[in-house]
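**Q** Checked Swiss-Prot, it gives:
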- 5-55: domain 'BPTI/Kunitz inhibitor' (DOMAIN)
- 5-55: disulfide bond (DISULFID)
- 14-38: disulfide bond (DISULFID)
- 30-51: disulfide bond (DISULFID)
């Protein structure tokens, strides 16, 4: 799996409300979170399917 999958979930400092998904190394699953719309990191996906394809081993 790519190293960015292991980054902590980071909603970012902006105040938008965008549905997104991140991979949790602890559970080896993808979970939903609310993305603020700016910054954040590479552990952010538009769909749970994309998250699973990329990060779940």
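For all residues, glycine too, the Cβ spot is worked out from N, Cα and C.
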**Q** Fill in the CA-CA distance, residue 30 (disulfide bond) to residue 14 (disulfide bond), as an integer in Å.
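**A** Each residue's Cα considered, residue 30 (disulfide bond) and residue 14 (disulfide bond) end up 22 Å apart.
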**Q** At the Cα level, what's the spacing in Å between residue 14 (disulfide bond) and residue 5 (disulfide bond), rounded?
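**A** Spelling it out, the Cα of residue 14 (disulfide bond) and the Cα of residue 5 (disulfide bond) are 22 Å apart.
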**Q** Can you tell me how far the Cα of residue 51 (disulfide bond) sits from the Cα of residue 5 (disulfide bond), in Å?
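**A** That comes out at 9 Å between the alpha carbons.
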**Q** By the count of other Cβ atoms within 10 Å, pick out the sparsest of the disulfide-bonded residues 5, 55.
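**A** Sparsest of the disulfide-bonded residues 5, 55 by Cβ contacts within 10 Å: 5.
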**Q** List, in sequence order, the same-chain residues at least six positions removed whose CB sits under 8 Å from that of residue 38 (disulfide bond)?
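**A** Those within reach of residue 38 (disulfide bond), by Cβ under 8 Å and sequence separation of 6 or more, are 12, 13, 14, 16.
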**Q** From the DSSP assignment alone, can you count helix, strand and coil residues within the domain 'BPTI/Kunitz inhibitor' (5-55)?
**A** 10 helix, 15 strand, 26 coil
**Q** Can you give the mean pLDDT for the domain 'BPTI/Kunitz inhibitor' (5-55), rounded to a whole number?
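**A** Mean model confidence (pLDDT) across the domain 'BPTI/Kunitz inhibitor' (5-55) is 98.
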**Q** If you count other Cβ atoms within 10 Å of each one's Cβ, which of the disulfide-bonded residues 14, 51 has the most?
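**A** Of the disulfide-bonded residues 14, 51, the most buried by Cβ count within 10 Å is 51.
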